Amino acid sequence: MSKPTLLVLYGSQTGTAQDTAQRIGRQTRRRHLQVQVLPLDNYVVANLISETLVVFVCATTGQGDPPDNMKNFWRFIFRKSLPVGSLGRLDCAVMGLGDSSYPKFNFVAKKLHKRLLQLGANMLLPVGLADDQHDLGSDAVIDPWLTSFWEKVFALYPSLATVIPMREDEPLPPTYTFHFLDDVKEKTDDRPRIPLEQTVPSQSHPFPARLVSNRRVTDISHFQDVRHIEFDITGSNLEFAAGDVVMMRPCNFPEDVQQFCQLLRLDPEARFTLRATDNTAVPARLPQPCAVRHLVESYLDIAAVPRRSFFELLSTFATNDLEREKLIELSSAAGQDELHSYCNRPRRTALEVLADFPHTTAELKVDYLLDLFPDIQPRSFSIASSLQAHPHRLQILVAVVSYKTKMYKPRRGLCSTWLASLDPAQGEVCVPLWVKKGTMRFPKEKDTPVIMVGPGTGVAPFRSALQERIAEGKDANFLFFGCRSERKDFYFRTEWEEMMKTGRLNLFTAFSRDQEEKVYVQHRVRENAELMWDLIANRSACFYIAGNAKEMPTGVCDALKEVFQQQGGMSAEDAEQMLAAMERTGRFQSETWS
């Protein structure tokens with residue numbers, strides 16, 4: 001039997017599934033096999049019937065949704081018209097990447113595995129269910145799963161057993177080669193331009209929106225800096241509704257860009273073109289030619305906590321014995337606890353790792369930069385305004401992430417810190433952005449009441465919903481808002497008071513630290529049990545939760561089930577079923593983030 005070609009298809013939202021797919025690709029190349037690694041939506045899915053060996057690597061996003069780069073594939077593979085048995089010649093396996101703190105853990109991978117079986121595919125092994133919550137992260141599941149996968153492949157293709165794989169310390173060829181231009185360094189303008197043709201902005205063609213205002217909305221004495229940011233989207237063709245999200249990619253901090261260039265002895269003003277070493281496309285986001293500064297500032301994710309694959313590749317450049325030994329340990333299966341202690345727990349960045357391994361960093365070849373560093377992933381923010389209230393404007397509410405670990409420097413959220421640093425008073429600032437449909441849907445019927453629970457920045461999508469609903473004459477609005485202190489972090493207070501004055505909003509507040517006993521939004525839901533039951537049971541109200549995924553959503557759901565038991569005379573089981581039925585019919589929706 002001839003050697004197989006492995007196809008690795010991935011659906012990735014934050015880059016983890018992509019990293020796993022690329023790792024499988026590297027393992028395949030080390031075994032001297034042909035491999036192609038692609039996002040699912042870049043693959044012509046109709047060709048699946050003629051494939052023989054495929055690995056699917058899929059993340060689950062939101063409330064059990066497929067990632068953006070596999071949505072077209074997802075629609076196609078679930079077409080009812082696809083004949084049963086159409087994938088009869090396909091040997092395949094599915095690896096899921098998920099987080100067990102979410103209710104629909106690895107939903108996409110489980111559903112895809114089941115669908116492939118329906119279509120007649122031969123599943124080489126059970127679906128892999130990697131869990132971000134595991135003490136050792138996703139690799140605790142991925143490692144043994146991959147070992148089993150290769151055993152199955154060798155059993156299918158016995159001739160492969162004689163192939164001697166490449167040594168682990170031998171670097172594979174880079175995906176791209178850099179070709180530096182010798183000409184005079186012209187100043188290249190890498191800023192995104194407003195497209196001339198009237199297209200709807202997207203990830204590949206974002207709209208450079210002008211920053212209008214960037215205002216801190218928490219008291220200066222409050223521990224958290226939260227920003228209310230407004231963009232001018234005039235001429236963008238952007239449209240959005242309540243519940244939608246805006247996407248943007250941050251830039252690396254100037255001091256990090258400078259340190260990176262110094263460590264790697266790169267001239268930030270030097271310009272280069274990229275050439276692929278095989279049939280891989282050159283990243284569309286990078287201009288050709290491109291300045292080193294632009295590559296490091298806007299593309300390479302040097303401020304992220306590096307994954308195991310980073311250490312794996314870095315170890316192949318090490319000539320210093322001590323450094324090589326440490327890098328090999330950190331990239332080995334046995335060294336994962338050590339890697340978590342060194343990197344994940346203190347949130348050490350890739351740039352800080354390079355500084356810790358100076359000899360190896362000095363040996364790094366520029367051609368490998370795009371293999372070593374993933375590209376900066378887009379961040380999403382709930383839109384906090386409605387076009388009906390603020391035409392040509394888009395507003396967001398951003399909590400600036402900053403916290404201490406054992407590292408000397410405080411840890412900073414890349415996007416929130418970057419956004420907070422932008423000052424329109426210092427000159428025009430434009431942020432490339434695009435809009436994505438959110439998961440929350442609000443009722444069209446005028447008389448359907450809406451109950452919204454949004455503590456902290458979770459209130460953002462509900463401000464958009466309230467502005468939209470009030471403009472449409474929908475007045476049955478009930479908002480539960482919680483924060484620490486009425487004086488320090490009560491977002492949009494004057495707006496809520498205005499809406500209450502005109503009879504368009506019923507507001508319930510929980511200020512957790514303003515009294516000895518802590519009070520949260522779930523306490524307020526319980527206190528208003530009679531009203532909640534009347535709205536839900538008699539007036540078919542819709543119930544929404546938005547905010548931090550930690551404890552609040554569970555607390556609110558428990559309070560709601562107690563309302564059903566207390567006011568509706570239900571058993572615990574019936575209350576559970578009622579909430580599940582509301583979720584199925586879209587009358588209970590939540591959007592939470594960790």
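Even glycines carry a Cβ here, placed using N, Cα and C.
Taken straight from TrEMBL:
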type	residues	note
BINDING	12-17, 59-62, 97-106, Asp132	FMN binding site
BINDING	Arg347, Arg379, Ser380, Phe381, Ser382, Gly413, Leu414, Cys415, Ser416, Trp593	FAD binding site
BINDING	Thr457, Ser512, Arg513, Lys518, Val519, Tyr520, Val521, Gln522	NADP(+) binding site
DOMAIN	6-150	domain 'Flavodoxin-like'
DOMAIN	204-443	domain 'FAD-binding FR-type'
(request) Please work out the helix, strand and coil residue numbers for the domain 'Flavodoxin-like' (6-150) from the DSSP assignment. (result) 58 helix, 35 strand, 52 coil
(message) With every protein chain in view, what's the tally of Cβ atoms within 10 Å of the Cβ of Ser416 (FAD binding site), excluding that atom itself?
(response) 20
(request) Rounded to the nearest Å, what's the C-alpha distance separating Thr457 (NADP(+) binding site) and Ser382 (FAD binding site)? Just drop the number here, would you? (result) 9
(request) Whole-number Å only: compute the distance from the Cα of Lys518 (NADP(+) binding site) to the Cα of Gly62 (FMN binding site). (result) 29
(request) Return the member of Ser12, Gly15, Leu414 nearest to Val521 (NADP(+) binding site) in space, with distance defined Cα to Cα and candidates limited to these binding-site residues. (result) Leu414
(request) Let me know the largest Cα to Cα distance in Å among the NADP(+)-binding residues Thr457, Ser512, Arg513, Lys518, Val519, Tyr520, Val521, Gln522, as an integer. (result) 19
(request) Whole-number Å only: compute the distance from the Cα of Val519 (NADP(+) binding site) to the Cα of Ser416 (FAD binding site). (result) 28
(message) So the record assigns Arg347, Arg379, Ser380, Phe381, Ser382, Gly413, Leu414, Cys415, Ser416, Trp593 to FAD. If I measure every Cα pair among those residues, what is the longest distance in angstrom, as a whole number?
(response) 25
(request) Could you work out which of the binding-site residues (Ala59, Leu414, Val519, Val521) has its C-beta surrounded by the smallest number of other C-beta atoms within 10 A? (result) Val519
(message) Tell me the Cα distance separating Ser12 (FMN binding site) from Leu414 (FAD binding site), rounded to the nearest angstrom.
(response) 20
(request) Could you round the CA separation between Ser382 (FAD binding site) and Gly62 (FMN binding site) to a whole angstrom and send it over? (result) 13
(request) Pop the Cα-Cα gap between Asp99 (FMN binding site) and Arg513 (NADP(+) binding site) into the table, whole Å please. (result) 31
(message) Give the mean pLDDT for the domain 'FAD-binding FR-type' (204-443) on the 0 to 100 scale.
(response) 95
(request) Out of the binding-site residues Ser380, Ser416, Tyr520, Gln522, give me the one sitting nearest to Phe105 (FMN binding site) by CA distance. (result) Ser380
(message) Spatially, which candidate from the binding-site residues Arg347, Ser380, Ser512, Tyr520, Gln522 is nearest to Ser12 (FMN binding site), comparing Cα atoms?
(response) Ser380
(request) For Ser512 (NADP(+) binding site) and Ser416 (FAD binding site), determine the Cα separation and express it in whole Å. (result) 25
